[in-house]
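Trainee: I have a structure I would like to understand better, so I am pasting it below and will then ask my questions one at a time.
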Amino acid sequence: MEFSSRARQRHTRLAGDRRDPYPHSLQFYQEPPTESISLAEFESFAVDRLRLLKVVENLGVSHVRSSDLYKTKLEAEFRRLKFPYRALAEDDYDARRKDHISHFILRLAYCQSEELRRWFLQQEMDLFRYRFNELTEGLRQKFLEHVNLKFEAVSMLLPGFVLCSVCPMFLKLLLKVVSVLLFKKINLYFYAVDLFRARRVFIKDGFAFVPLKDIDAIVLNNYRQKLSKALALTARSLPSIQSDERLQPLLNHLSHSYVGPDYSAQKNTGKISLEHIDALSVKSFPLCMRQLHRALRDNHHLRHGGRMQYGLFLKGIGLTLEQALEFWKKEFIRGKVDADKFDKGYAYSIRHSYGKEGKRTDYTPYSCMKIIMSNPPSQGDYHGCPFRHSEPELLKQKLQSYKIPPSGIAQILDLVKGMHYQLACQKYFELTHDLDDIGFSLNHPNQYFAESQKLLTGGRELKKEPSHLGNSQQKSNSSQESMTSTSTPTSSNTTADAELEGLEAYFTED
């Protein structure tokens with residue numbers, strides 16, 4: 001059988017040629033890629049890895065990392081996105097290439113702030129842990145040699161051990177272990193400080209003996225140090241990257257990214273009645289939009305950030321331009337804005353958000369990541385993410401006013417403390433809809449509304465509202481909620497395959 005030139009090269013690479021840039025399915029990502037790739041491939045690789053890291057984040061919080069369910073779901077995502085996993089360990093050069101390049105793209109995007117670096121480091125660590133533990137013993141040993149982590153294996157207790165000085169519990173463990181790994185004392189604190197602190201290593205004559213099952217802790221600690229240092233060095237080089245007018249906007253999109261549908265397709269347009277918004281805000285709005293709606297009803301005004309966030313959300317759930325103009329005008333003129341001032345100062349921006357003015361851009365509703373990562377609220381603002389931007393005590397009071405049980409509030413606050421803001425919103429969804437597990441990841445306020453309506457209506461589609469708007473009345477006091485609205489100014493497995501928000505336009509615009 002003859003191979004083409006390209007096939008022969010690939011066959012040589014997969015045979016283990018160390019000159020190949022991807023000699024192993026797993027790596028520490030110490031050498032950046034040097035080849036040229038197209039912008040389309042750049043985008044595709046970055047979006048796929050970001051999807052994978054979102055899944056890693058969500059699964060890491062909702063499942064035990066060593067459980068079979070965790071492994072099954074994560075492997076399914078590896079297969080879908082074509083990243084190296086157990087079945088592709090040695091025979092898929094393209095998957096290893098994608099893994100290598102995509103890591104460095106996201107490293108550029110997520111080195112721009114301490115919060116982004118912390119998130120990226122944690123997800124990459126969890127991803128690495130899963131992949132390392134899934135390697136066979138032979139592949140694991142090859143990887144350790146590849147990254148110069150060579151330890152001498154011992155199959156039995158060495159002569160000269162003073163066994164009486166060993167803790168009985170650890171002695172029992174040593175006797176059960178067939179192999180332990182040996183390394184020099186000088187590397188003890190560098191490699192195995194966590195194991196040493198937990199008294200899970202045996203130290204003798206300048207050597208530490210580590211059970212084979214704990215070798216991943218040594219490898220992970222080494223990887224964490226290397227990646228943390230690399231992120232800091234990458235952050236230093238940002239000024240030179242920011243001068244590239246093509247690259248910097250793309251990296252900014254990635255670091256504030258959302259990888260699901262953009263909810264710009266208005267299949268529900270005209271199916272929402274203005275007189276039902278108050279009831280819907282209680283039943284089906286995420287906490288961020290419920291907060292904005294209550295603030296609008298109470299103050300009869302929202303600042304620009306709140307109008308944009310809430311207005312685009314309402315557009316996404318189905319309000320027409322005519323309904324939006326009526327909704328905002330009726331509420332504003334109940335405050336300090338008269339009809340003439342509204343028509344001159346506010347109506348234009350509403351028409352603009354619907355693509356009827358200016359550049360006629362059809363703006364899409366804000367995703368969770370955009371709300372969390374950009375434009376934090378200041379004093380007097382009500383936009384943003386309550387889980388991200390509210391003080392814990394104020395958030396607790398707000399949840400109590402919404403009749404969330406104390407145990408549920410504690411779970412939400414724990415997620416917020418761990419900076420899992422979207423998962424906190426997901427828990428809020430479960431508590432307000434009396435569910436144990438929603439079975440999907442929440443990444444968008446409009447997704448929250450759509451999934452809530454599916455549950456409440458049994459999957460039935462909303463009926464189209466009549467075109468006349470004159471008889472729609474606002475019930476500003478119909479659902480009184482005692483709450484504190486003030487906010488203060490750091491993973492996903494989506495079923496849709498839509499591209500990153502804003503990136504498609506970036507690559508197609510002239």
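Each Cβ is built from the backbone N, Cα and C atoms, and glycine gets one as well.
Grabbed the feature section from TrEMBL, which reads as follows:
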REGION    1-26  region 'Disordered'
DOMAIN    279-449  domain 'DNA primase large subunit C-terminal'
BINDING   CYS288, CYS368, CYS385, CYS425  [4Fe-4S] cluster binding site
REGION    461-510  region 'Disordered'
COMPBIAS  471-495  compositional bias 'Low complexity'
COMPBIAS  498-510  compositional bias 'Acidic residues'
Trainee: Setting CYS288, CYS368, CYS385, CYS425 aside, what same-chain residues sit with their Cβ within 8 Å of the center of the Cβ atoms that define the [4Fe-4S] cluster site, listed in sequence order?
Mentor: PRO286, LEU287, ILE371, ILE372, PRO386, PHE387, ARG388, TYR421, GLN422, PRO445
Trainee: So for CYS368 ([4Fe-4S] cluster binding site), how many other CB atoms are inside 10 Å of its CB?
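Mentor: For CYS368 ([4Fe-4S] cluster binding site), the 10 Å Cβ neighbour count is 25.
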Trainee: Note down the number of other Cβ atoms within 10 Å of the Cβ of CYS288 ([4Fe-4S] cluster binding site), including every protein chain shown.
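Mentor: 27, counting other Cβ atoms within 10 Å of CYS288 ([4Fe-4S] cluster binding site).
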Trainee: Along the domain 'DNA primase large subunit C-terminal' (279-449), what average pLDDT does this model show?
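Mentor: The average pLDDT of the model in the domain 'DNA primase large subunit C-terminal' (279-449) works out to 92.
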Trainee: Which number gives the other C-beta atoms within 10 angstroms of the C-beta of CYS385 ([4Fe-4S] cluster binding site), all protein chains shown included?
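Mentor: Excluding its own Cβ, the number within 10 Å is 28.
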Trainee: Output, ordered by sequence, the same-chain residues six or more apart from CYS425 ([4Fe-4S] cluster binding site) with a CB under 8 Å from its CB, or 'none'.
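Mentor: Same-chain residues close to CYS425 ([4Fe-4S] cluster binding site) (Cβ under 8 Å, separated by 6 or more) are PRO286, LEU287, CYS288, CYS368, CYS385, PHE387, LEU442, TYR448.
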